[in-house]
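A.B. asks: Attaching a single structure in C-alpha cells format; questions to follow.
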C-alpha cells in the first residue's frame, strides 16, 4: 500500500498535464473519472489502472468506464450522484464568490434583511383559536360566521363568585351587597354603570301592579280588562328601566337595609326562602329560580334550602348608547401593557371590565370568604401572558447558546475564543428568522403565539451549520489539506470553496474511535435490546395515549381565571356551557309545536342540563290566556308580539331577527332568524364530546323542521370540532412526513437498504417520543400534534447523517461503523446537545405551549441521539449495505488487491486544480 501511495504521488503532476479527464458525477465525497490514458481517480486520488482493476470496471457503449458501484439500483446511485455533484459544484462556486467579495456579500445579506422588513408592514398577530386551530371549511366555522352575521350584537358577561361557609348568613349577604355596590359605582369617563348595563322595564312599577301587588303580571291585568294592551304599551314606553344583574340579592329587592334587619340570623334567612325558591322576582318581575344563584346547597328533610357555600353575581353589559370610540386609543395602550390580545368588544367596555377586575381584586372579606371572578376580556388577556412572561427564559436560552457556541468554535484561551465569530453566527440565525418573518408577513401568513417558539428551535438547529463549517475549516489545517504539496498555502477563496463543498458531507474528524469500538464491540446486544425496550415501552404509551384538551390549559397556573373556572365547575355545574339551536327563515306559526318537541328531545340528552325554550314558554302563555284560540299566521303574529312585551317573554326578544321593527301593540314582522338557548354540563372526555356534538347535530337535522338553515351551535364546539379530526390528521400527517423523509433519504443516500434503516430509526424515535410524553402527562391535542409532526424533521437528522457517512466509508462493517462515528458522531452529538440546551430553559416556563414544546423536543433529542448514535451504527455493523464504491465486498478487497480505500486520502492540490475549470 505504501509503494502504491508513492507511485500515486510521483505520477500526480504528469497525469495532470498529460491526461484529459472526462467528468463523471460524484456520489458522496468519492469520484471516479474515466481517462483517455491509463489512470483514474478514486476519492480525489489519481491511481494507476492495473489490468485486474480495469477488468472490474464496467464498460459503457462508448468505451468509457462507468461508476464502480455495488449499490443496489445503479440508476438510483447515478442520478443521486448527479444531484450531489451539482450541489457540491454550486457550493464550491458560492464559497469562492463569498471569499473573494466578503463585503459585497455582507451588504447583500443586510440589504435582504432590511428589504424583508417591509413585509412586516403587513404583520398580523392572530390569537383567535377559531382561526388558528380549526379547519376553516368545518361546520363550526361556517355556522359561526353565519351566526355573527345574523346576531351581531355583543353582550358581555362579567361574573363574580363569592364563597364562604354559608353565604346565606346575614354577614355574608351584606358583603355580597357591598361587592355589588362597589361594582355598580364604576365609571369610565362620563359613562356610569347605567350606561353600560343591559336594561329591562321594571313592570312591577305599573300603577295597577302597585295597587294589586307586585306579583300580578301585566297580562293578567289585561285579561281582567283592568288594563288594555294599548295602555300597557304606552306605559311601557315611560316605565323606568333598570340594569339587569342576576343574583340572590334580587330576593331582597337589592335593598338589604330594609329587608334584612341587623338582628336577622341565617335561620331567619333560610325561613324566608321556604316555599320561595321558585317565585317572581320582586325587582324585575321575572320568573326566577333562586337556587340557580347558589352553589354547594344544603337542604333539610323537606327539601328546603338551609345553607349554601357560594353565590354568583352576573353583570351583563352592552355597548353604551352614543359611544363614538373616544376611548379606543386609551383602551389599546392599557390593553397592550397587560400583554393581552385585542378582542372584538368596544374599547369602553374593555376599560369598564379593567376597572371591574381591579375592584374585585381589592375586595377583602371580614369573615374569611373568597372571591373568584372573570370578565369578558379575561381569557384574551391571559391566554398569552404566560408566553410573554417567558421572554426572560428566551434571553437565558440565547446566552446559554452563545456560551456553548464560543466553547465549540473557539479555544479556552484569550486569543482564540472567537467571540465575534460566535456573535456573527448567532446574528445570522436571527437575521434568517427576521427575513422569514418578513416574507411570510408579506404573503399574509398570520403570526400566532406558537411561532414565538421558532426562535428557540431555529437557534438550536442553526448552530449545527456553524459547527459543520468551522470543523471543516479546522480540518483543512489539521490534516495539511490547506497546503499545496505540504508547503504552499492555498488561496483563501479556494479554501473557503473546499469548505463549502465538503461541509455537508465530511463534518468532523474529532476522534471517537475508542468510544465507538467500545460500544460496538462490547455492547452490541445491549444497545439493540435497550432500543427495542424503549420502542416497546413507547408503543405501550402510544396505545394508552388519550385525546383530550381543555382551553384552561392555555392559562397561567396561578391566574385568577383558573380559580374561577374551578369554582364554576365545583359549585355551578348546571350553568355549564351555553349554546343555541339556530333556525333560518321558516313558518313559525305552523312549526311552533314541532319546535317545542325538538326542544324537549334536545333537553333529554345526557349532557344537556337545560333548554330555555321560547316555544314552550309561548305555548304555556297561550294556554293560560288564550286556551281556545286557534293558531294561524295572523293570530301568531298578534299574540307573539304581546308575549314578547310581557315580562315572561321579553327575555326572548333578543333571540329573533325581524324583517322590520318590533313594536308593542302591533303584530310581529316576518321572522328571518330565530334561536333557542341551551346549556350543557361538563363533558369529561374528547370522545364523549365529539359524540355529543354529532348527536345534537343529528337531532336537529332529523327533526323534520323545514327551515332554510338549522343547526346547534356552541363555542365549545370549537375545540370539539378539533377533537373530531385531530387523531386522524396527526396519523396522516406523520405518515406523509415519514414518506417524504424516506423518499428524500433514498434519493440522496442512494441506497434503499441504508435508507430503510434510517426510516426505522425515525419510526422508533417517534414511537418512543410519543410514549414518553404520555407518561409525562400530555395528551393528543392540537399543540402536541403540531410538535410531533415537527419532530419528524428533527429526528431524521441524527440517523440520516450516520447512514450517509456509513455509505462513504470502506472496510469491514465494524470498521465502517467505527469510522462513521469518528467522523460524524461529534457533529451529530453537538447538534443534538445544542438543540437540548436551547430548549432546557423552557422547563421553568409556566406556559402550556412552552411546556409541550419542551417535553416533545427533549424526548426527540434523547431518543433521536440514542437511535442515531448507538442503535443505527450497531445495526449497520451487523447487516449494513456495502459502500458506494465496492464492486466486491469490503471483506474481500485485500484479496482482490484493491487495498483499503479508507487509507487513501484525497490530494489537496488535485482538489484545487480540479476546480480550475469552475474559475
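Here the Cβ of each residue, glycine as well, is placed from N, Cα and C on the backbone.
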A.B. asks: Give the range, chosen from 463-488, 489-514, 515-540, that TrEMBL lists as transmembrane segment.
C.D. replies: 515-540
A.B. asks: Quick one: which of 702-726, 852-876 does TrEMBL have down as transmembrane segment?
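C.D. replies: Feature transmembrane segment in TrEMBL: residues 852-876.
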A.B. asks: Looking at the transmembrane segment (852-876) and the transmembrane segment (788-807), are there 3+ C-beta pairs under 8 A, with each pair at least 6 apart in sequence?
C.D. replies: yes
A.B. asks: DSSP on the domain 'SSD' (759-878): how many residues come out helix, how many strand, how many coil?
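C.D. replies: Counting residues per DSSP class in the domain 'SSD' (759-878), I get 107 helix, 1 strand, 12 coil.
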A.B. asks: Near the transmembrane segment (756-776), which residues from the same chain, at least 6 beyond its ends, have a CB less than 8 A from one of its CBs?
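C.D. replies: Here the qualifying positions are 531, 534-535, 537-542, 544-545, 734, 738, 741-742, 745, 749, 784, 788, 791-792, 795-796, 798-800, 802-803, 855-856, 859-860, 863-864, 867-868, 871-872, 875-876, 880.
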A.B. asks: Pop the mean pLDDT for the domain 'SSD' (390-526) in here, whole number is fine.
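C.D. replies: Per the prediction, mean pLDDT sits at 68 for the domain 'SSD' (390-526).
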